[in-house]
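Engineer: Following this message is one structure expressed as structure tokens.
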Amino acid sequence: MADRLIVKGAREHNLRSVDLDLPRDSLIVFTGLSGSGKSSLAFDTIFAEGQRRYVESLSAYARQFLGQMDKPDVDFIEGLSPAVSIDQKSTNRNPRSTVGTITEVYDYLRLLYARAGTPHCPICGEQISRQTPQQIVDQVLVLPEGTRFLVLAPVVRTRKGEFADLFDKLNAQGYSRVRVDDVVYPLSDPPKLKKQEKHDIEVVVDRLTVKIAAKQRLTDSVETALNLADGIVVLEFPDDHDERGHPREQCFSEKLACPNGHPLAVDDLEPRSFSFNSPYGACPECVGLGIRKEIDSDLVVPDPDRTLAEGAVAPWSAGRTAEYFTRMMAGLGEKLGFDVDTPWRKLPAKARKAILEGSDHQVHVQYHNRYGRPRSYYVDFEGVLTFLQRKMEQTESEQMKERYEGFMRNIPCPVCQGTRLKPEILAVTLAAGERGAKSIAEVCELSIADCSAFLNALILGVREQAIAGQVLKEIQSRLGFLLDVGLEYLSLSRAAATLSGGEAQRIRLATQIGSGLVGVLYVLDEPSIGLHQRDNRRLIETLTRLRALGNTLIVVEHDEDTIAHADWVVDIGPGAGEHGGQIVHNGTYRELLANKDSITGAYLSGRESIATPTRRRSVDRKRELTVVGAREHNLRGIDVSFPLGVLTSVTGVSGSGKSTLVNDILAAVLANRLNGARQVPGRHTRVTGLEHLDKLVRVDQSPIGRTPRSNPATYTGVFDKIRILFAATTEAKVRGYQPGRFSFNVKGGRCEACTGDGTIKIEMNFLPDVYVPCEVCQGARYNRETLEVHYKGKAISEVLDMSIEEAAEFFEPIIGINRYLRTLVDVGLGYVRLGQPAPTLSGGEAQRVKLASELQKRSTGRTIYILDEPTTGLHFDDIRKLLNVINGLVDKDNTVIVIEHNLDVIKTSDWIVDMGPEGGAQGGTVVAEGTPEDVAAVPESYTGKFLAEVVGAGCAPARTPRRRRTVTA
């Protein structure tokens, strides 16, 4: 049927021969517990088959250049359209990619500036233009009649040389005079120039007086000068002097030229001239990157409260040379009047400058040799900054280079100030009335909302309007789509590598809407990630607009509002992993609310909920972590305190500065001080309260491994203990097997036919590569001899094939192993197989594996945990389990800080730091802080407005739209 999408017998991963009938041209939401099979059905089955069919429709020649996709394990799919996947995994890490380039807005801006921009001289700011010989003559003839002037052809501009050959050549061509460095000489007796000095040479083509009768002679002279000087002619007016007493000059050019005669290197403006990825436009200093690495004194002296003897100067505080450098600084102290036991911040400015930049004087270094005899010598004191720069240039060791780079920070290029473009390109502007004239770099620095407003206000002439009208329409269309998905706070110059997964996904979503495709199947992975509740409405409107074009949308989502606005909802479950893979509900949202078998329906209808705590943990304001003077990115020099021993949620709209504050500054400082890392923190003054902590644990949703060889058992370390246990069996001891025998990563115990993979890859040339079970080990990964060793009747491969829940029961008597496995069960991963390959784990599952790995370590009560949107990919019931784990950590007096938008997590927090009020330049401040009840009472807080609806109540049912599309079952 043309209006249906029918799936029969889907068995990918944990799917249990699923049959599904979906309406086309609809917004369909797939929901269910984490690991229930949503992504397996949406991405690995429906999208994979749609993509595969499209690729196979191409010629064999074309297919060899495209990534082939495996045929999913499904009987058949009917009514399938060409499929486009919009996920969160393909964030661009290229330093040259920006929001402007990946949305193609920058391409249109380049075209706009090339065709309608007004060029100026980058030196004096005067407008520059090109003119024909006729236009030049017409401008001269409007001068008062009788005005005397010389027609000069500048053949040399600020170049070194004697130029004797040039003078001879000009003399032979019939020219009689030449002006050299503002002095006129006859070519019959030219000056002898100094070879090592720069000179200006102009040929005197003619002497004329302004009068109509001389028009033809003037035209001939101007054309001669233009031909002689490569398109430039200079007129000197001997009777009219400037403020310095020099004769006034006027420069004309067939090319772009400064009217004040400043030398320019501007060719005809083309779109490539505005590209920082092209040599025609890129700043020559930074080759279009906009940044360069430079040693930062704040990183060299990270803790100004330390003394020099205590290691205040970080590069000189570690290793065997620390004592040598301390003695050297003591010698400098004798000369400048300070001692090494004074804290850095209390040292005189002159002393700090000398330590950093070096001293002109030799310093007297005194020490005792190994026999206790006093010794001394004199040495030049080069300064720590010079020392680091020299070492950086000299070393060939990657390890040492990495160490020195730890004291360097990316700073804007000093030539282009981070704009990436040449000065002459930055001098091309477009004017927008009261908003002023802006270069392409200045427009890209604006937020998308301000950029749209600026382009709307452009003042263009009739000619420019005719040229730029269509280009502006394309730009505004794309900017409008970015605004619709809640990205108004981003700038077009924002580096793609700094975007979160949610931001990158919404940019791709906006790009797809701009493409205007019809009849496409879009598969999206949680587009609401990283989006504040305030912006959800615009995202939903964007999705419905994409559907209205005539497309089918399948959205894997847990957000209540998105589910409530769906035309059709598929709930997959009932549990996760082996307990999931079935269709629990396939119908409308209202039918889902009434479905007694659906745990999703139970939470959405209010039958189940995550309760608001009846009492919150008390906050001790004397025990807190404080970031002072945070000013990285859009943070406005703010001071923020995080109470210790409680659960703190950092909230705020997208782009308000949450990740910058917590990840770029706080977590980086903690990692350096507590874990011995060498990260470069964002700009701030200091962080206080570190003495209350002894360890940092960061948990995000990045994969636990990139290859199938990584799995929950190897990541948590429990596999090492299992291998030791197998090596301790009687059979293993008889055979002399060590724990390494039971590893599938090294020779000895693994199957060498498949090198421990369990599968063999068969290349099929024009067809996708086929993976088949290894014929030797039948997918077990180990050789026959290793598999003959059993523990309680199970071989090592059979243990890896157990679910974690089964394994916990199997190893119950072995406390060291059971403790690891019980922790994985506690975070809701009992359904996952112990040896399940890491690439098959969802983001939520990977995060919980990491959390479990940390949980099984013994707690000191002085650990701080930082989690970045831990609810990503988690169902309501998964969130409940996660909160139980987090609260267990806090109950042991540890500190947990989460960056979060989910109201269930926020309402159960003990403390909230709400950033805002808006995103981008309008953000970067603390709007509210306190308990959830305190924040809910702050009218300026967007988070507070939504929090007020749920604080003190259970999980309220999602608001349903007033009007809904009718979908036939």
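Glycine too: its Cβ is placed from the backbone N, Cα and C atoms.
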Engineer: I'm validating the feature mapping. Which of 258-286, 287-315, 519-547, 896-924 is tagged zinc finger in Swiss-Prot?
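Structural biologist: In Swiss-Prot, residues 258-286 carry the label zinc finger.
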Engineer: Swiss-Prot tags one of 454-480, 481-507, 751-777, 805-831 as zinc finger - which one?
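Structural biologist: Zinc finger, as annotated by Swiss-Prot, spans 751-777.
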Engineer: Among all the protein chains here, how many other CB atoms are within 10 A of the CB of Ser654 (ATP binding site)?
Structural biologist: 26
Engineer: Could you please provide the mean pLDDT value for the domain 'ABC transporter 2' (619-948)?
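Structural biologist: On average, pLDDT over the domain 'ABC transporter 2' (619-948) sits at 90.
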Engineer: What is the number of other Cβ atoms found within 10 Å of the Cβ of Ser656 (ATP binding site)?
Structural biologist: 30
Engineer: In which DSSP state, out of helix, strand and coil, do we find Ser34 (ATP binding site)?
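Structural biologist: The residue in question, Ser34 (ATP binding site), is coil (DSSP, three-state).
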Engineer: Name, in the order they occur in the sequence, the residues of the same chain whose CB lies under 8 A from the CB of Gly652 (ATP binding site) and which sit 6 or more residues away.
Structural biologist: His532, Lys658, Asp914, Met915, Gly916, Gly923, Val927, Tyr942, Thr943
Engineer: Would you identify the secondary structure of Ser656 (ATP binding site) according to DSSP, in three states?
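Structural biologist: Where Ser656 (ATP binding site) sits, the three-state DSSP reduction gives coil.
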Engineer: Cβ distance under 8 Å to Lys38 (ATP binding site), same chain, sequence separation 6 or more: which residues?
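Structural biologist: Lys38 (ATP binding site) has long-range Cβ partners Phe30, Thr31, Gly32, Val556, Ile572.
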